[in-house]
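Engineer: Below you will find the structure I want to go over with you.
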């Protein structure tokens with residue numbers, strides 16, 4: 001056993017800054033921490049939060065060890081809505097999250113927006129010229145956002161959450177305390193909405209009586225906590241939202257006038273095209289074509305009329321999205337294997353006239369970064385992929401330098417989302433230079449010293465004592481998109497604390513619903529984040545496992 | 001062990017009802033009376049979780065939807081006209097949707113009122129959908145029988161089951177049979193359209209409405225006595241919300257109408273609020289906490305809908321059907337409850353900002 005496993009980078013972003021003012025940066029998140037590196041040298045400039053114990057086992061293994069009150073991510077209500085205002089030094093902050101799944105930077109290189117996972121908190125940081133983070137605001141969302149983007153000339157943050165709602169928040173929260181715009185409350189109608197005119201059965205009437213009694217006794221109802229900062233609900237799906245995109249499209253070729261749109265993708269195969277704020281309630285059309293969940297939308301900045309979408313299907317779709325028109329279906333694998341698209345990026349390299357316009361695609365648990373050329377006539381052609389030493393986790397693109405920096409999985413075997421390597425790999429990042437060549441791009445390793453420096457600096461260690469459970473949590477942290485897939489035997493349950501007997505009843509109910517004959521099954525339950533109830537058995541008597549995601 | 005027996009019995013009865021209709025359709029059983037299905041065999045818990053996946057079937061897009069089996073009388077005679085799935089096309093598009101059609105009372109009440117308009121009921125509960133489908137098939141068979149027996153006396157035209165039949169050929173209809181097709185006894189006389197223009201499908205409209213119906217396709221949407229979801233925690237599951245209203249607006253053509261009726265006053269106010277309409281009278285209800293959020297911004301759903309005035313509603317026969325023909329409507333009448341109606345007209349899309 002040589003050395004420790006290092007937590008891989010979950011996200012990586014290139015922040016382009018004017019060289020005269022401040023060096024360009026690579027911003028990355030690993031585990032519970034955010035890091036900034038000088039893009040030129042690879043030197044680590046800062047990390048956030050600063051004075052948190054480096055012992056990463058704390059951050060990762062919290063659910064297992066501390067408190068023992070269930071995983072932090074599954075808390076139903078954040079009891080204290082956090083203040084929108086800056087909290088001052090972050091030293092005192094308690095780290096209540098295990099990872100930072102979303103990090104993005106404003107194009108002027110001034111701000112970084114990060115989402116901390118379990119506390120559902122969108123944090124905005126100001127980047128100093130030296131590359132340090134100063135937290136300006138933290139805003140706790142009602143549900144965990146699955147995608148965060150900047151819109152409206154980067155003045156607002158648009159966040160799409162797992163309950164299907166899309167919110168807009170100002171990037172810079174105003175210093176004034178937020179006063180929610182309440183509609184006039186003329187009459188406080190205490191008591192239940194039901195009356196004996198609307199419910200009739202004996203039990204319902206009894207319940208109604210009880211409620212009336214209860215209301216009279218308890219005058220002080222606990223006030224529900226509304227969001228304590230300025231926000232707007234833009235639109236909603238009755239589904240889990242996976243990605244959003246904000247885009248401006250010229251009205252016609254001649255006039256410089258532009259219209260803005262908001263595209264939203266969900267777990268039920270939909271891509272909705274709505275008008276941009278303030279008309280997000282007007283749906284222009286839908287892009288129908290996916291047969292499994294959609295996980296990523298990518299609108300190339302050089303050709304905003306196109307959209308590349310991917311998800312649980314083993315193909316990508318290329319759209320003329322404003323018309324809802326499907327242009328091309330691009331197969332990703334030859335067989336009918338099930339894959340999940342993890343990320344889609346668009347980039348242009350080189351100077352005119354020799355410009356290469358490419359779409360890069362990462363597939364979950366794959367060590368190849370797929371590469372496609374996107375022609376201006378709206379066709380996509382496959383090019384040689386980039387081969388990496390581990391699974392692709394995220395990609396940062398610097399068009400100026402024609403390089404890409406890829407965060408690779410150093411702890412799991414390439415091509416696997418579950419199997420850990422026998423010995424640790426020290427490669428967290430790899431960088432490549434794009435060389436336009438005839439019809440396709442060639443990739444050669446680049447910026448070796450920078451990457452080597454970052455790799456040797458490392459992130460934080462995973463304790464050698466990591467057991468199966470911790471490993472599994474780490475696997476889930478990095479590879480969770482596959483859970484979006486609907487499958488024949490899959491049941492998603494949200495249940496609160498259940499007694500043992502209720503649990504048994506619930507399991508029986510699931511089995512009834514799944515028409516699995518009892519007698520041929522063994523039920524094991526493990527509790528933790530996304531606990532898996534395994535049901536072994538099946539209709540034909542063959543033994544298979546049906547994972548049931550069971551959140552307590 | 002009474003429960004499984006009961007369940008098995010109900011299943012058997014449902015099967016029998018479906019088979020009887022199928023037999024009648026194939027013409028094998030020409031003699032017997034066509035029995036309508038009995039509701040008691042199709043009861044299902046009144047609430048369904050709209051957020052779970054269920055096992056739903058839905059088309060990839062409206063252009064893939066196969067309506068041909070639903071409206072055989074409206075089949076396009078040209079077999080080369082096909083949907084993207086390869087099924088036969090219809091002569092016209094579906095124009096009216098009853099969201100949460102329940103046992104189908106509204107559809108059956110509306111069928112003779114709009115005999116040339118295709119209407120579909122969408123219902124999330126499997127057994128209830130099965131009931132409506134069987135009921136519609138049985139009603140169609142009864143009508144065909146009535147007509148063929150009428151034809152037999154005049155001229156020996158062979159009773160054709162579908163397609164060539166002209167729906168408007170049915171003889172004049174007496175007033176009472178059209179407006180009061182009460183739940184068990186079927187209309188005894190012929191009914192305009194012969195119920196060929198209605199159907200029901202199982203669907204979760206909160207998720208998959210746009211998969212069935214395209215942009216501006218509909219002229220009317222009915223939402224009758226929706227599940228009130230009394231608990232604030234369940235308000236998210238209500239079929240009317242500002243975010244869903246945006247989807248209804250997408251499917252409704254400008255000038256199209258969205259009808260709502262409920263017996264729960266609080267829900268009625270909720271509906272008005274979510275269409276940004278001033279609430280009636282003094283009774284402004286408490287909006288507590290974040291259980292509901294209205295879509296923000298200067299523009300709102302108000303740009304897309306306006307409430308139809310009371311006078312206009314008086315003229316609209318659909319409102320009467322909605323009040324009297326639905327199963328829930330009858331139940332509310334029986335229990336002497338109140339009925340709150342609100343109808344909204346789809347306005348044209350506003351200009352881009």
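Even glycines carry a Cβ here, placed using N, Cα and C.
As annotated by TrEMBL, S-adenosyl-L-methionine binding site applies to B:100, B:123, B:124, B:204, B:205, B:224, B:326, B:327, B:328. Residues annotated as region 'Disordered' in TrEMBL: B:143-195. Under the heading compositional bias 'Low complexity', TrEMBL lists B:177-190. Annotation comment: TrEMBL describes B:227 as active site.
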Engineer: List which of the binding-site residues B:124, B:205, B:328 have their Cα within 10 Å of the Cα of residue B:227 (active site), in sequence order.
Structural biologist: none
Engineer: What residues, ordered by sequence, lie under 8 A Cβ-to-Cβ from residue B:124 (S-adenosyl-L-methionine binding site) and sit at least six positions away in the same chain?
Structural biologist: B:48, B:50, B:54, B:100, B:202, B:203, B:204, B:205
Engineer: Look up residue B:326 (S-adenosyl-L-methionine binding site) in the DSSP assignment and report helix, strand or coil.
Structural biologist: coil
Engineer: Which residues, sitting 6 or more apart from residue B:326 (S-adenosyl-L-methionine binding site) on the same chain, put a CB under 8 Å from its CB?
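Structural biologist: When sequence neighbours closer than 6 are ignored, residue B:326 (S-adenosyl-L-methionine binding site) has B:102, B:105, B:106, B:109, B:224, B:225, B:261 within Cβ distance under 8 Å.
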Engineer: Please give the greatest C-alpha separation between any two of the S-adenosyl-L-methionine-binding residues B:100, B:123, B:124, B:204, B:205, B:224, B:326, B:327, B:328, in angstrom, as a whole number.
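Structural biologist: Taking every pair of listed residues, the largest Cα separation comes to 20 Å.
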Engineer: Take the Cβ of residue B:227 (active site) and count every other Cβ within 10 Å, whichever protein chain it belongs to.
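Structural biologist: There are 18 of them.
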Engineer: Most Cβ neighbours within 10 Å: which of the binding-site residues B:100, B:205, B:328 is it?
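Structural biologist: Neighbour-count leader: B:205.
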